[in-house]
Amino acid sequence: MESGAYGVAEAGGSFDLRPFLTQPQVVARALCLVFALIVFSCIYGEGYSNTHKSKQMYCVFNHNEDACRYGSAIGVLAFLASAFLVVDAYFPQISNATDRKYLVIGDLLFSALWTFLWFVGFCFLTNQWAVTDPEDVLVGADSARAAITFSFFSIFSWGVLASLTYQRYKAGVDDFIQNYVDPSPDPNTAYASYPGASVDNYQQPPFTQNAETTEGYQPPPVY
């Protein structure tokens, strides 16, 4: 079981709600969800209005349907990202460091992507609202401004979340480097004998050398 991997202490501990709710990453994620809900609600509720000349409903952002669709889409998908709160709650129970790594990388990529998408959305909505004729907006002007404002706030909330997730990923990488042991053998260490090899315990029998030295030429016996 891995301990201390990716910014979390030991796996298998009991879940405590109060420390969980006070974690910076959980607070940032909650703000992201609230801002996304506000943007989606403003566009869906009062993002469409008719004009004095027609009863047909148009998007209040310069009658550009793409602006309303874009703001609603990223708001809904960002709200559905509340699934990562479940991951944050379950994360300390995951003992496999590889699973933790993939979850953190997925969270990091999603947070970075949504930071960029909120930036694009803020610029898009602001541009379309700037060229909107005020006479064409009978209702929904305040909601349009609120959608733009909280799109701007979402850039920073998702950026902070991406930064915190990167710190968690970096903590896991640093922990792996510190605990890594190089499996390559030390060149200064002598090789151990093969475990199945037999040890040669042969010893020279005693008196062999003496026997060899005495086995020289001997004169024949004299009769």
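Including glycine, each Cβ sits where the backbone N, Cα and C put it.
Per Swiss-Prot, N-acetylmethionine is recorded for MET1.
As annotated by Swiss-Prot, phosphoserine applies to SER3.
As annotated by Swiss-Prot, domain 'MARVEL' applies to 20-170, with the evidence given as sequence analysis.
Panel annotation: around the transmembrane segment (26-46), residues 20, 60, 68, 71-72, 74-76, 78-79, 81-82, 84-85, 88, 114, 139-140, 142-144, 146-147, 150-151, 153-154, 157-158, 160-161, 164 of the same chain, lying at least six beyond its termini, place a Cβ under 8 Å from a Cβ of the stretch. The transmembrane segment annotation in Swiss-Prot covers 26-46 (among others).
Per Swiss-Prot, the feature transmembrane segment maps to 71-91 (among others); the stated evidence is sequence analysis.
Feature annotation from Swiss-Prot assigns transmembrane segment to 104-124 (among others).
Marked as transmembrane segment by Swiss-Prot: 146-166 (among others).
Among the features that Swiss-Prot reports, region 'Disordered' is placed at 197-223.
Taken from Swiss-Prot, the feature compositional bias 'Polar residues' covers 200-216.
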Distant-in-sequence neighbours of the transmembrane segment (71-91), which means Cβ under 8 A and at least six residues beyond its ends: 8, 15, 20, 23, 25-26, 29-30, 32-33, 35-37, 39-40, 43-44, 47, 100, 103, 107, 110, 114, 117-118, 121, 125, 147, 151, 154, 158
